[in-house]
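Have a look at the structure below before the remarks.
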Amino acid sequence: MKPIVSILLFCALAVVIVGRRRSTGRGIPYVDEKLPNGQRCKPPGFDCSKSEECCGPQDTKNYAHGCAPQWSGMWNKRVNECYICYIESSSC
């Protein structure tokens, strides 16, 4: 009985850790610029296909940005979203 309970707890913990949505950096100031194709860059949390479409942070020394897969509960699958994160954090 104990091994079964241990396995169930491990599985539940793994689902919580792996399934956690990463912060996209919505509150971090970013540079809203015009891209070479004439469109505006996409802010954190918006859908993207490549990193060049995403707005960069104002503080480029401490923050990084890009386009990465995020879990979407609305679509029930992974979608690419722009993000900005603190370089020294473990989630970046």
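Glycine is treated like the rest: Cβ placed from N, Cα and C.
What Swiss-Prot says about this one:
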DISULFID  CYS41-CYS55  disulfide bond
DISULFID  CYS41-CYS82  disulfide bond
DISULFID  CYS54-CYS67  disulfide bond
DISULFID  CYS85-CYS92  disulfide bond
SIGNAL    1-19  signal peptide
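Sequence features annotated in Swiss-Prot and their locations in the structure.
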residue : record         : DSSP class
CYS41   : disulfide bond : coil
CYS54   : disulfide bond : strand
CYS67   : disulfide bond : strand
CYS82   : disulfide bond : strand
CYS92   : disulfide bond : coil
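Take the Cα of CYS55 (disulfide bond) and measure to each of the disulfide-bonded residues CYS67, CYS82, CYS85, CYS92: the nearest one is CYS82. Ranked by how many other Cβ atoms sit within 10 Å of their Cβ, the disulfide-bonded residues CYS54, CYS55, CYS67, CYS82, CYS92 place CYS92 at the bottom. Neighbour counts were taken as the number of other C-beta atoms within 10 angstroms of each residue's C-beta; across the disulfide-bonded residues CYS41, CYS85, the minimum falls on CYS41. Considering only the disulfide-bonded residues CYS82, CYS85, CYS92, the residues lying within 10 A of CYS54 (disulfide bond) on a C-alpha to C-alpha basis are CYS82. If you compare Cα positions, CYS82 (disulfide bond) sits closest to CYS67 out of the disulfide-bonded residues CYS41, CYS67, CYS92. The separation of CYS41 (disulfide bond) from CYS67 (disulfide bond), Cα to Cα, is 12 Å. CYS41 (disulfide bond) sits 17 Å from CYS85 (disulfide bond), taking the C-alpha atoms as the reference points.
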